[in-house]
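Colleague: What follows is a single structure, and I will ask about it in a moment.
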Amino acid sequence: MSISTMQSRASTFSRGVICVERGLPAVARAGCCVRPTNTAVHKLGLLAGGLSSNSSCAPRLQQQRPQQQQVAARAASGGAAASSSDSPNMGAVLAAVGVACMGAFAFGYHLGVVNGPLEAIAQELGFAGNQALSGLVVSSTLAGAALGSLTGGSLAESFGRRVSFMLCALPMLAGPLLSAAATTLNVMVAGRFLAGLAIGLSSALVPLYISEVSPTNQRGTLGSLNQLMICLGILAALLVNVALPVTDWRLMFNLAAAPAIILLLGMLGAPESPTYLANKGKRDEAVAVATKLWGRSGASQLGAGGAKAGGGSGGAPNLFSGAYRKGVVMGCILFVFQQFSGINAIVYFSSSVFKQAGIASGALASAAVGATNVAGTLIATGLIEGAGRKQLLTASYLGMAATMALMAAGFGLPALAPYSGTIALGGTLAYILSFAIGAGPVSGLIVPEINKEAVRGNAVSAAMVTHWICNVAIGQNFMAATANYGISAVYAFFGLCSLIAAGYVSANVPETKGKSFDQIQAEMDR
């Protein structure tokens, strides 16, 4: 082999070394970087390259040698640390999600806390026997929640997710303290309304925030924690109902201050949503937060959407325009089905229904309902990234339809009257389990996934407004409907709605598991 050939190959090798040192792909760059091809020739070429002073890249090779030695040392001693920086920082992610979930816990607690002591409250505040005023104590919370969810998206887009959570914590703290101090119906209703305003805000903020701080491959699992914490809140309220005499209802309300305080203080140190920062044109800050949460490679989840969205051109007035309509409408429809499947009728009035069925301890049976809800949601948390959102949601609604049909038959058929208590308890637990594996966690998770970044906050708000309006309608009319038409007919209606929901999900809702927001939007736009 000639000396000139050896020099040429040495030059080629030198360029390849420089490319590797720079972290570049082995392709030509500025006439210098190419991929070396033969290891034996490289070694010979390196020797010859050391004798040659004519190669254009040789001086750069000489300059790079100290750096190469440093890189080799770093690779030997710090490779593991470099690799870990490319992995999600799950400690930071879980801390942020855990603080946000205090809003979900408060949501559940306020929904369940009046289940047991409602009659005692009515007796002490002077409206015992008035079903309309008893319903007002429940529905005032739901009305406040509807208003809170209506403003939650706009608040999140205007002030950011963190500040919005802190603002949400204020009525979340004031509401239950006011109810605990109530001596009249008006004060009780005012406190319940403030608590409702807070849980309405949190119902929009929590799933939105979790979806935006979670790594793509963990978004389903972490997103299901929202529903899990709602269930734990409901269970905590029901257990408090069992543990405390109904006359201690003031203490029950005071306990609700704890999650509000944790949320307020925790958000002081929580990260802002990278997606929000990117949509506001703060790209560098967004990448820094994303890198801290997801690692360097995970920061690519931000995609180009944030930069293109700029300041967020898709405001609330544009929600139902052509570009955004499909995701927004789908999210609202999912929550119509969720509520008209009857879930909150079961949660709010389970004690009364169990008493009608002859079950002695309605509060204890309701606590069993709450425990089943938690167990089912834990199952969903383990399945959601494997089975997928669509499959769980479809199976969930089919199970709810079947169990509602069973309970309708148990309450309506004279031949089953001797077993009505067993059917009521068993059917309710099976219904709650069916709800918890799909319709509960998936509905809140999938709405931020199927909506574009520019309107995501307002789209979640629109879905939650729909949720709370339907919730108010069910809460205000369930007892009257059972009085007028019988509980069997009402349960049959809920079962029919669940069956229609299963068909709608199967035909229209996309599978979102394991997909980035950009991939989901590409599918939604087809």
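Any Cβ shown, glycine's included, is placed from N, Cα and C.
Copied straight from TrEMBL:
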- 96-513: domain 'Major facilitator superfamily (MFS) profile' (DOMAIN)
- 57-87: region 'Disordered' (REGION)
- 92-112: transmembrane segment (TRANSMEM)
- 132-151: transmembrane segment (TRANSMEM)
- 163-183: transmembrane segment (TRANSMEM)
- 189-210: transmembrane segment (TRANSMEM)
- 222-245: transmembrane segment (TRANSMEM)
- 251-270: transmembrane segment (TRANSMEM)
- 328-351: transmembrane segment (TRANSMEM)
- 363-384: transmembrane segment (TRANSMEM)
- 396-417: transmembrane segment (TRANSMEM)
- 423-447: transmembrane segment (TRANSMEM)
- 459-479: transmembrane segment (TRANSMEM)
- 485-507: transmembrane segment (TRANSMEM)
Colleague: Mind checking which residues of the chain, 6+ beyond the ends of the transmembrane segment (396-417), have their Cβ under 8 Å from one of its Cβ atoms?
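Modeller: The answer is 337, 341-342, 357, 423-424, 427-428, 430-431, 433-435, 437-440, 442, 486-489, 491-492, 494-496, 498-499, 501-502, 505.
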Colleague: For the transmembrane segment (459-479), which recorded stretch in the set 92-112, 251-270, 423-447 gives the largest number of Cβ pairs separated by under 8 Å?
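Modeller: Per the Cβ count, the answer is 423-447.
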Colleague: Are the transmembrane segment (423-447) and the transmembrane segment (163-183) close enough to be called in contact, which here means at least 3 C-beta pairs under 8 A that are separated by 6 or more residues?
Modeller: no
Colleague: Under 8 angstroms, Cβ to Cβ: which one of 92-112, 132-151, 163-183 has the largest number of such pairs with the transmembrane segment (222-245)?
Modeller: 92-112
Colleague: Any residues 6+ beyond the ends of the transmembrane segment (363-384) with a Cβ under 8 Å from its own?
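Modeller: Residues packing against the transmembrane segment (363-384) from afar: 112, 115-116, 220-221, 223-225, 227-228, 231-232, 234-235, 237-239, 241-242, 346-347, 350-351, 354, 392, 425, 428-429, 432-438, 440-442, 445, 513.
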Colleague: Please identify the stretch among 132-151, 189-210, 251-270, 485-507 with the greatest number of Cβ pairs below 8 Å relative to the transmembrane segment (163-183).
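Modeller: Between the candidates 132-151, 189-210, 251-270, 485-507, the best contact partner of the transmembrane segment (163-183) is 189-210.
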Colleague: Looking only at the domain 'Major facilitator superfamily (MFS) profile' (96-513), what is the model's average confidence as pLDDT?
Modeller: 88
